Amino acid sequence: MLLVMVRSSTISPKSLRLYCSGHIIDSLRHSISRWNSPSGYCSNYYFSKRKHKRHFTSSVLSPVTPIVHNLFDELPERENRTMESSFMFLRDVLRSFMMRTETETPRSVHCFALKCGLLQDLATSSKLLTFYGRTGELVSSSCLFDELKEKDVIVWNSMITALNQNGRYIAAVGLFIEMIHKGNEFDSTTLLLAASALSSLHLSRKCSMLHCLAIETGLVGDSSLCNALMNLYAKGENLSSAECVFTHMEHRDIVSWNTIMTKCLANGHPRKSLQYFKSMTGSGQEADTVTFSCVISACSSIEELTLGESLHGLVIKSGYSPEAHVSVGNSIISMYSKCGDTEAAETVFEELVCRDVISSNAILNGFAANGMFEEAFGILNQMQSVDKIQPDIATVVSITSICGDLSFSREGRAVHGYTVRMEMQSRALEVINSVIDMYGKCGLTTQAELLFKTTTHRDLVSWNSMISAFSQNGFTHKAKNLFKEVVSEYSCSKFSLSTVLAILTSCDSSDSLIFGKSVHCWLQKLGFGDNMLSANSVINMYIGCRDLTSAFLRLETMSETRDLTSWNSVISGCASSGHHLESLRAFQAMSREGKIRHDLITLLGTISASGNLGLVLQGRCFHGLAIKSLRELDTQLQNTLITMYGRCKDIESAVKVFGLISDPNLCSWNCVISALSQNKAGREVFQLFRNLKLEPNEITFVGLLSASTQLGSTSYGMQAHCHLIRRGFQANPFVSAALVDMYSSCGMLETGMKVFRNSGVNSISAWNSVISAHGFHGMGEKAMELFKELSSNSEMEPNKSSFISLLSACSHSGFIDEGLSYYKQMEEKFGVKPVTEHRVWIVDMLGRAGKLREAYEFITGIGEPQKAGVWGALLSACNYHGDTKLGKEVAEVLFEMEPDNASYYISLANTYVGLGGWEEAVRLRKMVEDNALKKLPGYSVIDVRCLDTVS
């Protein structure tokens, strides 16, 4: 039997020979040598003993307080006590006071035993050693241990136990090595204690050595020892060896079954855990609360609701009803929550007789995971007000995470204040990490950075949270600098995948491509290259850096392993970064491959791409595909459809989709309001707003202000302004930008400037709006002053839209030289690459000044074909200045690019009319009529009288 066990386990015969030759002791010594000085493997233990030996004699044998002397007042006939009566009394005292923690109590007993000469009784000495260990008096216990001339296995075990109980695991292993080295006998308890110490030191890889000792000495039949070996093997992720120990156990108790099941679950094998449970029930072993908690947790991991319901029934049938057994009830709550049945989870929670903080945390996390955030906050309130349960660290971490996901900065700050009052931050670093993460998700990077810098003891999670906070809020430079600090702070081997993934999100522009590639190399170096999560994140990084070639190349190299997430990374990534056509092409490639079926995320990306490209027919196809392939249309998908139809100028379909939503959320209302305002349906926006029963947010008011701008209605706009002030939204940078745009478009530029200056926090959008407003009103010099003020702001930099507003202002005010100078500085000084809109305003600027030939040379000198908007600006200038020759040449280009655009024909016809060329004008007009082309008429809007109010 012994030979079979050696061969079938992971313990090689060579390992067994190592034991026989005594080298196993040296191997154990080598394992813990990095914690000890060269002088000895228990140097800390022996050093304390030498240092305090004299102190031991004086302190233990010194007179004790009268209160402690009263321990011996009950001894009958103290004057005439015999050795036997003293011995019996001492044994009784040791039994009675074994749970005492007062330091003087064991010293008094020690003093009495010393006077009576009872210390050489090994049973008494071992109990006294245990007594010292429980009171934390290791110095005294070590001196007593050394004074014993003879030591049996119980004495050695008592001393090792004392060291383990007081966290001196290195000394415990050292004493175990000394015990074997001196040839002392040991038993299964000794090996169990050594296994416990190795487990605490994370030396699970040395479990095979203890296993060898157990096999050689025939102690492997002890169930408790086998359970400890299984635990130690599994802790080192060596589950196969743990299973081997379990397989060869002759006598398995419930602890053995629970150990193997819990370790399978902990090592990511929930199905194995369930298989062992099936074997256990077949063997006739009855389950206990630990068993049921484990197998129900395994059901949670694989999200098997049907199996979970069956286990729930078995729990009740076995007499472990969740109402009476809280641990089982907590597991059932978590199982139902993870399987999406929050109603059943809530029912079990309400039926619990004695709820604890774990019960509340389980249902709270369940609500949060299923998007029921209001119910989650309700549980938090119930914990404190009804159940009188104080939230613990796990509760705080969960609530902080919810606040971060919902961007509830006010509630998040309140939770932070609670952690400070309860002194949780000083007790648990995970609380600080969760608060840093919450502040990052709420956009409060200043608060996150302050908390990070004031934290003295940071771990890798702290760094990851701060890097993510910087990356999520656009502070890419700070994120990269912090990553460099992490590299210098930690060695490569200690890096986690989360660290590299956190910095990858900061690589979102072409300027970050080189840095992103270096991070990609780090992933490969750390061995995370084949990890699906890292591979998909690398794809997103390359898409964000505009390197589509590398992104698609990475996808191609994953031909055998890529999953739906990989395709969604490309489809959604391209759609969100502006590569809409590539997003649709990726979907076509996935469909042609035929291995993977699309899901909700896929359709969200393709519908968004169709909307941005204005492909209404393609969008309708995806709408039909969603109806056909999904059980029901998710509200998020319907909101995306509304946005898509709005961008494709199909208002009727957008409103129809909105009407089909059974329970529209605020996002649904905002989407339809934005769709209407984008398509000049301002009055419909306000009519729809009157039916809104939900509390509007900042995005709602941005849509209302946009509609007011289109209507030229200051009365509507001012009412909306009053409403958002009452709700405290005036400081929002996007609201500020919309207010500036509304007031300036309605002729109230001074009011717009007051809003801009008083808002406190201005986004780049607000700056762009105020620059554009001054340019629109012919105040080009003021617009340039504002641009200089923006460019000198260290917290933000001018972007593409900033230069569009600036060049527009220069064009309207006739500042040609300044405009050309700013155009030149765009890429050289600010790193902004010119696009079509910038070139349109340069052509318009030159055209207004009559420099038509220079405008033509500007277009042709760019070196790449220009879009119709650029040529259209030159055609308008030719019309204004009556240059029919150049106008005809430009018009021919436009007729080829957009043959169905009536405005080009009419613009050229008007040029001929101005110079008396009626025949050409008539011919062009006839072409418009024959082709059934229509030009949208221009119009102006004024606010004559507005009797309606915004409610």
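Including glycine, each Cβ sits where the backbone N, Cα and C put it.
According to Swiss-Prot, the protein carries these features:
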REGION    870-945  region 'Type E motif'
REPEAT    187-221  repeat 'PPR 3'
REPEAT    253-287  repeat 'PPR 5'
REPEAT    325-355  repeat 'PPR 7'
REPEAT    392-426  repeat 'PPR 9'
REPEAT    428-458  repeat 'PPR 10'
REPEAT    459-489  repeat 'PPR 11'
REPEAT    531-561  repeat 'PPR 13'
REPEAT    599-629  repeat 'PPR 15'
REPEAT    669-695  repeat 'PPR 17'
REPEAT    697-731  repeat 'PPR 18'
REPEAT    799-829  repeat 'PPR 21'
REPEAT    835-865  repeat 'PPR 22'
TRANSIT   1-63  transit peptide
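Note: the repeat 'PPR 9' (392-426) comprises 27 helix, 0 strand, 8 coil (DSSP; helix = H, G, I, strand = E, B). Here the repeat 'PPR 22' (835-865) returns a mean pLDDT of 86 for the predicted model. According to DSSP, the secondary structure content of the repeat 'PPR 10' (428-458) in residues is 23 helix, 0 strand, 8 coil. Assigned with DSSP, the residues of the repeat 'PPR 22' (835-865) fall into helix, strand and coil as follows: 22 helix, 0 strand, 9 coil. With a cut-off of 8 Å between Cβ atoms, the residues of this chain six or more beyond the repeat 'PPR 15' (599-629) that come close are 564, 567-568, 571-572, 574-576, 578, 580-581, 583-584, 587, 590, 636-637, 640-641, 643-650, 653.
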